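**Student:** I have a structure here, written as C-alpha cells, and I will follow up with some questions on it.
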C-alpha cells in the first residue's frame, strides 16, 4: 500500500488558449502523476459537466478556478491517505463527494484530472509505464490512427457542415509505418490545396479548413446539391492518397467521417446544412431517412470505413436504421449518442443503434467509468475508439489508454499542432518499448464489420 500524500490543482491553458484544470499527485513512496483535462467544442447533451466560473470579466467566463478550488479544498482532503493503487476507491470517493449524475457539483474537469493523475502516480511508484499498469501483459496492441485532415463544422471556419474528414492507414504493417503514410498523405493534401489556391490554415485539431471557392462557379443551392462540400472533401482525400503513392481502400488508406449531426438537427427534426444555407440564403434540409440515404450514397461512392455521429444524438430510430442499412460494411460510431456513458451504451447495444463507441474520458469523468464503458462496448462485439477533444494539451494519457485496453483505434487529430503530435509520439515510444511484441492490426481492428 502506498498512500496519497498530496494533491494540488491549478488553472492552465489548453490548445485554444482556454483555461483547463491540471492536477498533480504525490504518493508516500515517491510516486508522482500529473494530468490535464481536455475540452470539447461540440458536446453531447448528456456529457458530464465541465465546470466553468461564468465570470465574464475573466477569460470570457471560461475560467476554471471553481473546479480548481473544488479539487484543492473538497476532493484533496478526502483522498489523502487512500491507497494510490486502489483506483476504484479513489474514483468512488469522488463520485460520492459530487453526488450528481453528471458531476455538476464538483465538475468533471477537476474530477477527471485527479483520477488520471492518481493512476499516473501509481504507475510511477511501481516504475512501469501507464499502459502496463492499466493493461498488464495483454497491453500490446497499437491503434490504427484516425487522422483528421480536413476540418469543418464547429471545428473550423470553413464551408463544410460535416465536422471531420479523416484518413485511416489500414493497410500499413506497423504503427510507425501508418504514421509515415499519414504524414505523407497530409503533405500531399496540402500541396493539392495550394495548387487550387485554397486555404492551408489548420483548424482546432490540426486539419486543413478549406473554403472550396474553386469548386463552385455559382454559389447557389443547385450547385451545392449537385456536388456537396462533403463530396468535394472526399474527392480531395482520394486524390491526396493517390498523390502520396498509396491506394484508396482496404489495401491502403481508407476514410472516416465525423458528421457531428447533432449540430445540424433543428427543432423541425430535420438536418440543416447551415453553412450552405448561410451562403445561399436558401434552406436545405434533410429528413432522417434522407440523411441516411445521403450517407449510404457517400459510402457507395468512396472508400469510407467509419462514420461517427451520422445522425443526431436524439435520433435513436435513425441510428438503428443507419446501422441496419450499412453497419455490416461501415463502422457506425456513437459519440454524442453515448457520451462514454455505460447507461447510454447499454441502451444503444439493446437497440442495435451502432457498432462502435467513441471513448472520451471527460464525457464521463473518471478512469474507472471510462474502463467500464470500454469493457461494455467490447463485450458486445463493438469496437471502442479512444478519442481526444478539440481543446487539448500536451497530456498523452489517451495514447496509453488505447494500448492498455487494446482498443485498436485512436482518434487524436492531424499531422500538425504539437498537442496532437504529442499523442502520436507517445505511441511511437510505446511501440519501441514493446519491440517485437507490438501488434498493429490494420484492417483487422474492424472486427465489427463483414470485411
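Heads up, the Cβ atoms here are built off N, Cα and C, so glycines get one too.
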**Student:** Going by the (2R)-2-phosphoglycerate site in Swiss-Prot, where 360, 389, 390, 411 are listed, which of the candidates 138, 163, 187 is also part of it?
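**Tutor:** Looking through 138, 163, 187, the residue Swiss-Prot assigns to the (2R)-2-phosphoglycerate site is 163.
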**Student:** Hey, Swiss-Prot has Mg(2+) bound by 258, 335. Any idea which of 231, 290, 308 it lists too?
**Tutor:** 308
**Student:** Looking at the recorded positions 205, 258, 308, 335, which has the shortest Cα distance to residue 163 ((2R)-2-phosphoglycerate binding site)?
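**Tutor:** In terms of Cα distance, residue 163 ((2R)-2-phosphoglycerate binding site) lies closest to 258.
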**Student:** Compare the C-alpha of residue 360 ((2R)-2-phosphoglycerate binding site) with the C-alpha of each of the recorded positions 205, 258, 308, 335, and give the closest one.
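**Tutor:** The smallest Cα gap between residue 360 ((2R)-2-phosphoglycerate binding site) and any of the recorded positions is with 335.
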**Student:** Where the record says 163, 360, 389, 390, 411 bind (2R)-2-phosphoglycerate, what is the longest distance in Å from one Cα to another among those residues?
**Tutor:** 17
**Student:** At the level of the C-alpha atoms, what whole-angstrom distance separates residue 205 (active site, proton donor) and residue 390 ((2R)-2-phosphoglycerate binding site)?
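**Tutor:** That separation, Cα to Cα, works out to 6 Å.
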**Student:** Beyond 258, 308, 335, what residues of that chain have CB atoms within 8 A of the centre of the Mg(2+) site's CB atoms?
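**Tutor:** Counting only non-site residues, the set is 163, 164, 257, 259, 260, 307, 309, 333, 336, 358.
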**Student:** Determine, to the nearest whole angstrom, how far the Cα atom of residue 258 (Mg(2+) binding site) is from the Cα atom of residue 390 ((2R)-2-phosphoglycerate binding site).
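**Tutor:** The separation of the Cα atoms works out to 13 Å.
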**Student:** If I take the alpha carbons of residue 335 (Mg(2+) binding site) and residue 389 ((2R)-2-phosphoglycerate binding site), what is the distance between them in whole Å?
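**Tutor:** Rounded to the nearest whole number, the Cα-Cα distance is 11 Å.
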